[in-house]
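Look at TrEMBL and you will find T113, S114, T187, V333 tagged as FAD binding site. Under the heading domain 'Glucose-methanol-choline oxidoreductase N-terminal', TrEMBL lists 181-204, 374-388. According to TrEMBL, the active site, proton donor annotation covers H600. Per TrEMBL, active site, proton acceptor is recorded for H643.
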Amino acid sequence: MCLIGPKTLQTPSRDDLTSLHLQFHGNRVLQKVKRKEYKSTAVRWISLSIYILARSRTFETLIVDSVMVSSQSSMPSLKTRFGALALATAFLPLRSLAARIDSYDYIIVGAGTSGLLLANRLTEDANLNVAVIDPGADERNNTNVVNPLAWLGLSGTSVDWNYSSVPQEYIGGRILPYDAGKGIGGTSLINGMTYIRGDQAQFDSWEDLNPGSGWNWDTMLQYYKKAERFFPPSSWQEAVGALYEEEYHGSSGGIDVGFSPVLLNGSFYGDAKTAWANLGQSLDKDVNSGHTAGFDVWPQTLNPIDNTRCDSATAFYWPVQDRPNLTLINGTVSRILWKNYTGSTPEASGVEYVMPNGQSKTVKAAKEVILSAGALRTPLILELSGVGNPNILEELGIEAVVDLPGVGENMIDQPNMALSYSTNTTFPGYAPYATFVNATSLFGDGFKRVSDVTKLLLPHWARQISKETNRALNASAVEQLLRVQYDLIFEKDVTIAEILSTASGTGAFSAYWGTLPFSRGSVHLNSTDDINTPKINPRFMAIDFDMIVQIAIGRLAATFWNTPPISTSIETDLQQALSPDASWNQWKNFTDNTVISNAHPIGTAAMLPRKLGGVVDPQLRVYGTKNVRVVDASVIPLQISGHLTATLYAIAERAAAEFIAPARDAV
C-alpha cells in the first residue's frame, strides 16, 4: 500500500476547490515552459481554474496560481557527459549514490512505474541481490507530487525529462513537448493518476500476435488485481457516478486505487450523464471491466482516505528500501556491457552508468539486465549498447552487436486536443468523467463506408510506414499489424475515442483523443554524447484516418456541450466558431495548430515476432541476447483504449511471477 510522505496534506474543503486547477488527463494540454522554439499553442486558465488553448507563437512560462499548488523550483544541476541532470544530491538523500558491491544478480535500469514493482517482487527472495539504477531524486517532499490536485504544476519542472519532438511534418512543422517522469517513481510521479485498463479484445490481440504466449485479457486481469488495493466508493461517491464491479478488482496489492474524496457535486454529473445518454452513450458500470464503451467516472491511483497520490515508489520502493538485498544507485545508464560473444549469443555482463559527479562506473549483473526506462528511453540504451538497426548504429559510430531493426520503431502515441467553455454555473469539486466511443457510434451512418475505405487503404499505409522507417520495417509485416488493428476497430468494436468532460468553477472543458491511431513514429538517438535529447517523432496525422477520427471526436465533444441539459450551463465557446457543424477546414486548422502528445507512447521495443519487427519475445527477452529483458511501455505492441499505468503494473507483475523468477532458478 502507499505510505504517506513526510508532508501529509490535508484534504481540501469543497469551498477551497473552486480555486483549484481543473484536472484532466490529456496530460499537458497545459504546455510548457521555457521552450521558445514551440510555435504552437499556449495555455492559460479561464475563469478561476481552467486552462484553454490560445494561439500564440511561443509557450509562455507556466505560472501556477492556485494557493494549493506550490511550484517546485529547479535546483542547480550537474551535467554529465550524457547530458543527464543530476539532481539527487540537492534533494533528500537516496539510500545509495553508488553500487555497494560490484555485482548483483539483477540490474534494473529505471526506477519507474514497472521497474520498482519488479525490484520489490524480486527482492522478496532474500537470496537475490538487485540493483536499480536511476538518475532521479526522492520526491516524497514534493507537494505537487503528493497532492493529487496539483499534478498540472509538475510539467516542465525538475521531475520532468522535458523532451521535445522533431518538427512534425503533418501538422505544420510544429515541435511538441514530451513529458516523462524523472524521479524515484518515474512517470507515476507526474501523471494524472488515471486508472483505466482498456478493452478485453485489445489484450487478446497480443496473444493473436504472439500465439500461445498467454498475453490475453484473462491473464492480465489476474495481474491487474494482484497489483491493486482497491477502495470501493462510498455511498455519496456512488451517487455522483463512482461505480465498480467487485470481481474486477484486487484488495491486497501495493498500488492504491480509489475515487477522489473531492468528486464534483452539484448538478454536473446528472446533466452530463443525461446529455451523453441523449447522444447514445450509456453509463458504464466499471470502466476497468474490459468494456470501456460509454460514460464513466474513473478511479485514480490515490489513497482516498488522506487524498494522496500513490506512485510506484510509495507503493513498491519506500516500504522496502531497507531490504539488505535491494540497492538504489543514483546514476544514468549509458550502455549495456557484453561478455565476449564471438560465435555465441551475446550475454550482458553488466552496465555502464554515469554518477551525478560525471564519473563513469560499471556494475556487473550475474543473471540479467532488465531495461525499464520507458518507451522514450529504453530504445536509446539498446542503441548505445549496439542493439538496433545496423544502418542507424553505423551512422552513430556504434558497433552492432544485435541486428534488430525494430528498436525505436513502431512508436504509437495518441494525439490530444481540447475544447474550453465558460459557464453560467459555478461547479465545486473535481470531475473525472470520461466517455469512450467506438467506431459504430462515432461514424454512425458512415460506418460502413469508413470501414470499407480503411480496409482498402491498409496496404498503402503499410508501404508508407515502411518507407518512413527506411524499410527497417517490412511493408507486409506492417500491413499484418494494421489488419489486426483494423479488426479491433471495425470487427470487434473496441473503443477508438476518449472524451473527458469536466468542469470546475465557472469553466467547462473537454480533452479528447483517438485511442488507436494508425500513424507510426519512432525514437532514436541523436548522438552518442547525449542520451537526453533523443529524436522523438510520433508522426501525428501521417495517416489520414487519424485526422478523420480526431475531427469526428472533436465534433462529438462539441455536440455534447450543445446537448441538453448540460448545454443550459454553457455561456461562451472560448475556441470561437468551433461549433459541431464548423467546416472541415476549420476543424483541420484547429487540429494542426493545437494537437499535442497525450504522453502515452508505446511500442518502441515491441513484443512481436521478430519477423514482424519485434524487439522482445513473449517472455520479454530481447531477441538475439541471452539475458536482457525489457519491462516497460515500449513492449506494448498496439495502443489500448485506456491509460498506461494500470497495464504497466500488470506487465511487471507477470514478468516477475512467470518469466524472471523461473529464469533465475534455471541459471
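Placed from the backbone N, Cα and C atoms, the Cβ positions cover glycine too.
Heads up, TrEMBL stuff is auto-annotated, nobody curated it.
Since this is a predicted model, take the numbers as computed values, not measurements.
Feature annotations (TrEMBL) mapped to structure.
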{"residue": "T113", "record": "FAD binding site", "DSSP class": "helix"}
{"residue": "T187", "record": "FAD binding site", "DSSP class": "helix"}
{"residue": "V333", "record": "FAD binding site", "DSSP class": "strand"}
{"residue": "H600", "record": "active site, proton donor", "DSSP class": "coil"}
{"residue": "H643", "record": "active site, proton acceptor", "DSSP class": "coil"}
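Mean model confidence of the domain 'Glucose-methanol-choline oxidoreductase N-terminal' (181-204) amounts to 98 (pLDDT, 0 to 100 scale). Taken residue by residue, the domain 'Glucose-methanol-choline oxidoreductase N-terminal' (374-388) breaks down under DSSP into 7 helix, 2 strand, 6 coil. Within the chain carrying the domain 'Glucose-methanol-choline oxidoreductase N-terminal' (374-388), a Cβ under 8 angstroms from the stretch's Cβ atoms is held by residues 109-110, 112, 161, 163, 178, 180, 186-187, 333-336, 338, 396, 398-402, 404-405, 407-408, 411, 523-525, 528, 531, 534, 536, 601-605, 615, 622, 624-625, 628, 630, 632-634, all 6 or more beyond its ends. Here the domain 'Glucose-methanol-choline oxidoreductase N-terminal' (181-204) has Cβ contacts under 8 Å with residues 23-25, 27, 85, 94, 110-113, 115-116, 134-139, 142, 145, 148, 151, 154-155, 158-161, 215-217, 220, 224, 257, 287-288, 290-292, 298-302, 309-314, 317, 328, 374, 432, 434, 488, 492, 494-495, 599, 638, 640-643, 645-647, 650 of the same chain, all six or more residues outside its ends. With DSSP classes pooled into helix, strand and coil, the tally for the domain 'Glucose-methanol-choline oxidoreductase N-terminal' (181-204) is 9 helix, 2 strand, 13 coil.
Note: T113 (FAD binding site) has non-local neighbours G185, G186, T187, S188, S312, D632, L644, T645, L648, Y649, A652, i.e. same-chain residues 6+ apart with C-beta under 8 A of its own C-beta.
Ranked by how many other Cβ atoms sit within 10 Å of their Cβ, the binding-site residues S114, T187 place T187 at the bottom. The active-site residues in question are H600, H643, and the one with the fewest Cβ neighbours inside 10 Å is H600. If you take the Cα of H643 (active site, proton acceptor) and the Cα of the residue listed as 'active site, proton donor', they are about 7 angstrom apart, rounded to a whole number.
Around V333 (FAD binding site), the same-chain residues six or more apart in sequence whose CB sits under 8 Å from its CB are V109, I133, V351, E352, Y353, A373, I381, listed in sequence order. Cα of S114 (FAD binding site) to Cα of the residue listed as 'active site, proton donor': a span of 15 Å. Residues T113, S114, T187, V333 are recorded as binding FAD; their most distant pair of Cα atoms lies 18 Å apart.
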